[in-house]
Structures are given as C-alpha cells and as structure tokens.
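Engineer: Would you mind keeping the following structure in view while I ask a few things?
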Amino acid sequence: MRARASHLRVLLSRALAPSRPHPPARALPQITGLGGSQFGASFLGRARFFSADASTAAQGGSKPPAAAASATGGDGGGDGQSGKSEQADAGKSVRGGPVSWLSFLLLLVTGGGIIVYYDKEKKRHIEELKNRTSAVKPGQSVGTAAIGGPFKLLNHDGKPVTEKDFFGKWTLLYFGFTHCPDICPDELQKMAAAIDKIKEKAKLDVVPVFITVDPERDTVEQVRDYVKEFHPDLIGLTGTTDEIRQVARAYRVYYMKTEEEGSDYLVDHSIVMYLMNPKMEFVKFYGKNYDTDSLADGIIKEIKEHK
C-alpha cells in the first residue's frame, strides 16, 4: 500500500508541475493496471484538465485580442459572432438611414438648375416664335381674310342686286333681322350715326347695307319699312332661304332659329359689321364693343390708309 501511495504522489507531482509536459497517455493504464482505485483515476483526470486549462491561460495572455478571440470556442465564439452582427447592424443603420444634408443640398441645387434651364429655354422658344411671326420676308405678301363673295339678292324696292352694284363705293354691311327686339336696332342706330359722323368729319361717303338672316318673315315690304326707321341711305337686302344661306356663308356669318313657337321666334346670329373696299373686298370687321365714335374713327382710318 505504501508503495502504491508513493507511486501515486510521484505521478501527481509530475502532472501538476507547470514546467513539465503532461504525463503520457499510458500513465492511466499503468495505474489501472496496478489495480488503482477509481478515485485515483478520477483525481488524475481532473489534474490533467486543470493543468491544460492553466497552460491555455498562460499562452492566451501573450496573444493579441484578435487572436485570443479567435482561439476561444463555445461561448467565446458565440460572443464573437454576436459582436460581428452588432457591427453589421450598425453599418446597415448608417447606410440605410435618412438622406444626409449634403445629399439634400445636392438634390436641391440640381433641381433648381433644371428649373432655371427650362425657364430660359421656354422664354427663348417664345421669342423665336414671336420673331418668326412678326418678321416678314422679302417678297412675302400678307393676304386678306377669305370673307365676302358673289351674291344675288333683292333690295327693299324689290330690284335684283349683286355685289357688283357696290363696286366703286366703300360699303358697311350688317346682318340681322327685322323682328330683333334690341340688338339689331341698337347696332343699326350706331351704324347710321357713324355714317353721318364719317361724312361730317372726313367728307367720305360710306354706303350702309342691312342683310336679313330671316328670309321667311323679312319680305321686301317688311325690310323696306324697317330700314326707313334708321337712315335714308340704308339699303335693305333679302332673298330666298338658299340665297341668304349662301351670302351668310360667304361672309362667315352664323345664324340659327331659337325659341320657336309657331310663327314667333328669334334668330341667334353674329353681331358684326364688315367694312368692304370699292372692290367689295374685306378690309375690317367691327364688333358690338365699338361705340359710335370709335366706329367712325376706325372706318376713317382704314379708308385713308387704303387710298
């Protein structure tokens, strides 16, 4: 027994010695072969574990943190992985965060530059269009509007009249109808007053002409009685439905029956006066917005410019 105990102490002292290598693997079989107890084998195994732990700790103290972290296992490896995932998450949060002030500033400057460039290009394009429309090239002629044309009607005396009967005279035409409640009488009164003012101011003769757009009711007699109420020189013209349609189309005049109740109805039509030169060519039109003075002055100006 004493020999066995002495032998066990020698083995234990070798195992616990830090500067000596671990006992060979055959030491355990030697002990067990000698009939050692289970207690001795268990004690020796624990001694080897503590010795390996101490040796690892001694070597780990001399390694850098990165190497020590890589040398650890188990929980240490889990901690390393969690550290890496935290760093990755931190990187993601930085990269996927809101737009920085620098990016916003660049976006703002770029957008402003685009808007300024577009505005300049738009203005330049408008100026080019204006220059093209206002510039008249050499040899280029500007034509008159396609208003007017041949017609054949009856005057208020029942005599046939064509556009040729007005050649050599300045003519002012108005389209209306005798049953018109207010607009036609107002326009014809303005026309009559302007004709007198033109003769008084400029010593110019202009022939006033009234053409009906209601041929069904405006007979020769009806037109004769109507024109006498406004001016002694006012000429009234009427005709068949087709003839009136043709002359209205030639002078681009719109008219249509409205609020028809049997024989009583109104006619919606264009409210325009047409100034025609001595060749019965269109010169200018005057709308309802012209008063007597502006109408007379405008006609005088056009006649003087065309002489």
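Any Cβ shown, glycine's included, is placed from N, Cα and C.
Predicted automatically and left uncurated, TrEMBL annotations should be read as such.
For 57-72, the entry in TrEMBL reads compositional bias 'Low complexity'. Under the heading transmembrane segment, TrEMBL lists 99-118. The annotation Cu cation binding site is assigned in TrEMBL to Cys180, Cys184, His269. Residues or ranges marked as disulfide bond by TrEMBL: Cys180-Cys184.
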Engineer: I need the neighbours of the Cu cation site defined by Cys180, Cys184, His269. Which other residues of that chain put their C-beta within 8 angstroms of the C-beta centroid, in sequence order?
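Structural biologist: Everything else in range on the chain: Phe175, Gly176, Phe177, Ile183, Glu187, Val213, Val267, Ile271.
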Engineer: When you measure from the Cβ of Cys180 (Cu cation binding site), which residues in the chain that are at least 6 apart have a Cβ under 8 Å away?
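Structural biologist: The list for Cys180 (Cu cation binding site) reads Leu266, Val267, given in order along the sequence.
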Engineer: Residues with Cβ closer than 8 Å to the Cβ of His269 (Cu cation binding site), same chain and 6+ apart in sequence?
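Structural biologist: Within the chain, His269 (Cu cation binding site) has Cβ neighbours under 8 Å at Phe175, Gly176, Phe177, Val213, Val253, Tyr254, Tyr255, Met256.
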Engineer: If you draw a 10 Å sphere around the Cβ of Cys184 (Cu cation binding site), how many other Cβ atoms fall inside it, taking every protein chain shown into account?
Structural biologist: 23
